[in-house]
Structure formats: C-alpha cells, structure tokens
Amino acid sequence: MLRRLKSQPDKELRILLLGLDNAGKTTLLKKLASEDVSHITPTHGFNIKSVSSNGFKLNVWDIGGQRKIRPYWRNYFENTDVLIYVIDSSDRKRLDETGVELRELFDEEKLAGVPVVVYANKQDLFDAAPPDEISDSLELLSLRDRAWHIQACSALTGEGVTEGMEWAMKTVGRKKK
Amino acid sequence: MFSLCYTCCRREGNREAVTKALPIAVLGLDNAGKTVMSTGLSGEKDHNPAPTVGFSNNDFKIGKQQIKLMDLGGGKRVRSIWKNYLSEIYGIIFVIDASDSERVTECREVLNELLRDQRVREKPILLYVYYNVLGFHPNKKQSPLLSYSLANKQDKAGAMDEMDICTALHVEDTVFKVKCPSRIELCSAISYGTGKKVDPAIYKGLCWMIAIIHQRWEDLDSRVKRQNEEHKAEEARKFEEKKARARLNKEEREARERE
Ligand SMILES: Nc1nc2c(ncn2[C@@H]2O[C@H](COP(=O)(O)OP(=O)(O)OP(=O)(O)O)[C@@H](O)[C@H]2O)c(=O)[nH]1
Ligand SMILES: Nc1nc2c(ncn2[C@@H]2O[C@H](COP(=O)(O)OP(=O)(O)OP(=O)(O)O)[C@@H](O)[C@H]2O)c(=O)[nH]1
Ligand SMILES: [Mg+2]
Ligand SMILES: [Mg+2]
C-alpha cells in the first residue's frame, strides 16, 4: 500500500479541520507537524500547515470553533478532500451540540461526498466517552453518500493521530487515482 | 465458469430493479476479510486494510445491475452500528474466516443475533467462507500451508467444507425460520484479481443473490421501502430531540456565564 502511494509523490490533499471550540483542533494540527503542543490559545481566525506524509502533501486548514466564528466555516469548504471533525470526548454535555453542527456540515453542497474522519479526542482523560458511544450519538449513522471513520485519539500525547490520517489518505488515494 | 456466470447475470432481470443501485451490507466478525472483498469487487487491490471503524461504500456493476456494497466494521465495539443499515438493504453478505476455528462460536452468535432482527427476515443471505492461510484456496484442499498453520490444532486438521460450516454455525434452522434464502460459497478474496477478475465463486454468489432479489422484487422492494421510511422518521425524531437538548444546554451555559 505504502509503496503504491510513494510512487505517486506529492499528491496534494486539502484537509479541513473543524469542530467546536476547545475540541483540540489546533493541538492536533501542531501534533501532525511535530510541534510543541504545550501553549495553545483559542483560534480566532485560522491556521494552515503543510505536512508531508506517505507521498502526500497535506494542506491542513484549522478554523476556530467558537460559536461566533462558526458562520465563517463555509468560506473554507471549497475543494476539500477530507473533512476532519474533532470532538472533545470528555465534554459529554456538548455532544448534542457538536452533533447538530456536524449534521449541518453534512448538508452542505460543497462538502457532498467528502469522506470524514471523526477524531474522538482527549481519550487520555478518564471521563472520555469511548468512540462507539460517540458514533452512536453523532449523525454518522445516517450517512450513506460518504465514507466515515471514527478514531479514538489524544492530540496531546499523539496517540491515534496517525492512524486516522492513514485512513484518510487511503480512502482519498483510492478515489483520486 | 466465469463467462457462464456473467451471462447468467445478464439475462433480463426485473426492469425496475436494474434501474437502481441495490444496497447490500457486508457483515461478519472483524478480520473476516470484508474490506478486502468489498474493495476488490470495486476494482481496488488492498490486501492489508486497517480495521474498519465506520462505513464505506463500494459501487460496482454485475451485468446490468448496479450494486452498492456497504462495508461496515465488524469489531466487537463497532457491530452495534449494523442495525442502522438493516432496513434499507436488499441482502446481506456475511464473510467468515473458516480457519479461525477459535471464533466459530462467536461467529455463530453474531450471525444468529443478526438473523433475529425483523428487518433481515426474508432477505437473501450469502455466506462467504474462506481460509485465512496465505495463498490457499478451498478448492485445493491439500494445501501444505493449511496443515502447517493448523498444526497446533490437531483435532481440526481437516479443512472444513460447506457441510461442516453449516453444522458449526447452526445456520440451517435459523435461516429456515426467518425464511432467508441463503447460500454458502467457499472463496478467496486475495488469490485472484480485482474487479471482474475476482474469484469466480464470489461472482457466482453475487449472481445468485441478484437473481433472488429480482425474482422476489415486488415483495422485497415494498418491505424495504416501508422499513426505510420508518427508520428515517425515527432518525428525524431523534435529531429534533437532540437539537432541543443542545439548545437547552446552551441556554443553561449562557445563564451560568452571565452570573
Ligand atoms: N487532556 C487533553 N487535552 C487536550 C487534548 N487536545 C487538546 N487538549 C486541550 O484542550 C484545549 C483546547 O485545545 P485547542 O487545540 O486550542 O482547541 P481548538 O479546537 O483549536 O479550539 P478553538 O481554536 O477555540 O476552536 C487546550 O487546553 C489543549 O491543551 C487531548 O488530547 N487531551
Ligand atoms: N487468506 C486469505 N486472507 C484474507 C482473505 N480476505 C482477507 N484476508 C486477510 O484478512 C485480514 C483482514 O481483512 P479485512 O478485509 O481488513 O477484514 P474486515 O472483515 O474488513 O475487518 P474489520 O474491518 O475489522 O471488520 C487481512 O489481513 C487480509 O489480508 C482471503 O480471501 N484469504
Ligand atoms: Mg484552535
Ligand atoms: Mg474492514
């Protein structure tokens, strides 16, 4: 698999990182770029980073998730290859809210058919909801027109982060051939 | 055999059925080989996929019939999502790794549980069975690899055939009770090619399933439509509840922040 991907170097993928505020999007982005994750502040606009992985050049867009910024998410939808949706698994009170936001994304025409990876983040915390509980409570089970994958992870420790990205690259790699 | 099967599928089927992309679910335990088979049918070669923790679609055609295979994860903690797909499907492909004799009981339980679901009743079920020994195909029963890999399980040294599998899974009774037309195919997803070059046994099984679906189209289609509507209504209701809860939570939080 890896060999096949490597033989087509530098295929660019545009990856959009969304999720509620405090979900861990910026932490995840920094972890992907192997940067320090200890001093991160809420994102008011957006961050972009390019990361090379498995012969892909991943252009990752991390958009702030605060309620007042969410209406601007739509400015970034165009040409997205993979949607990454980050969830704070320990914030059970907001699982409904994050589910509603995600459902709205699924209804967006510009994101039609785009595969989605849901990162069930903050699994290092003892009260984190397990991924199967999260996939039950999100609107993933109603999806038919796109592939989805749920990945337990901790952006802080890095656990699970690459697995989710590998799924994304495989899935999109297949489609983009 | 391949071309024979191909023509059998091209025989005029049900007119209405061929205008649709038929959803068929691929189920079975984790590591059974569902993803290898599903991607293989749609022309992809991936012999070492990551475990599926979610859902993906694989579209392809058999003769004139468009098929939409829904590949779902089979792990213990993923199986609970299966029920969300049962109302809309016209048939099930259940993949079994017959060399994994330690999990035969688990496999039987999972299959029986699945068959107990009302929405599976009278829908065709195709059991795909393969031996998870590299390069081995059930048609060549004397594979040295097989005896090698099962060396530590002397009592099970013989390869299981269709009958053994039926017996081990106790499927006959259950399948009969829920009136599911069923069929077993011994096959290999990795010893052959992809797309139209998959194991003829896989192809043959699918042809059988399509033929059944076409034969019973009116009945099956009306049942699927009804179940689908019920499922959608239920989903919509749950989503409205969720929206209401989210709103309430938000108001509470804002009130707290004002204090
Ligand atoms: N325990 C734990 N904390 C995490 C994890 N990931 C992120 N955090 C913390 O969660 C807080 C929010 O992380 P951010 O990366 O800023 O969240 P964000 O999604 O970018 O938030 P916005 O920019 O406001 O949309 C920070 O204090 C992180 O240290 C994790 O996996 N485990
Ligand atoms: N020998 C042999 N091995 C196979 C065959 N099909 C799949 N495998 C192997 O079985 C393993 C699991 O295959 P997958 O397709 O990922 O299994 P799955 O059923 O999708 O598993 P989950 O996604 O976890 O539910 C892989 O290592 C495959 O190479 C086959 O026909 N013969
Ligand atoms: Mg941020
Ligand atoms: Mg799989």
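Heads up, the Cβ atoms here are built off N, Cα and C, so glycines get one too.
GTP binding, as stated in TrEMBL, involves A:Gly19, A:Leu20, A:Asp21, A:Asn22, A:Ala23, A:Gly24, A:Lys25, A:Thr26, A:Asn121, A:Lys122, A:Gln123, A:Asp124; the candidate among A:Gly65, A:Gly164, A:Gly173 given for that site is A:Gly65. Between A:Lys122 (GTP binding site) and A:Thr43 (Mg(2+) binding site), the C-alpha separation comes to 18 Å. Of the residues the record lists as binding GTP, namely A:Gly19, A:Leu20, A:Asp21, A:Asn22, A:Ala23, A:Gly24, A:Lys25, A:Thr26, A:Gly65, A:Asn121, A:Lys122, A:Gln123, A:Asp124, the two whose Cα atoms sit farthest apart are 22 Å from each other. When the binding-site residues A:Asp21, A:Ala23, A:Gly65, A:Lys122 are checked against ligand 3, none has a Cβ within less than 6 Å of one of its atoms.
Within the group of binding-site residues (A:Lys25, A:Lys122), the Cβ with the highest number of other Cβ atoms inside 10 Å belongs to A:Lys25. Here the CA atom of A:Gly19 (GTP binding site) lies 10 Å from the CA atom of A:Thr26 (Mg(2+) binding site).
Here the C-alpha separation of A:Gly65 (GTP binding site) and A:Thr43 (Mg(2+) binding site) works out to 8 Å.
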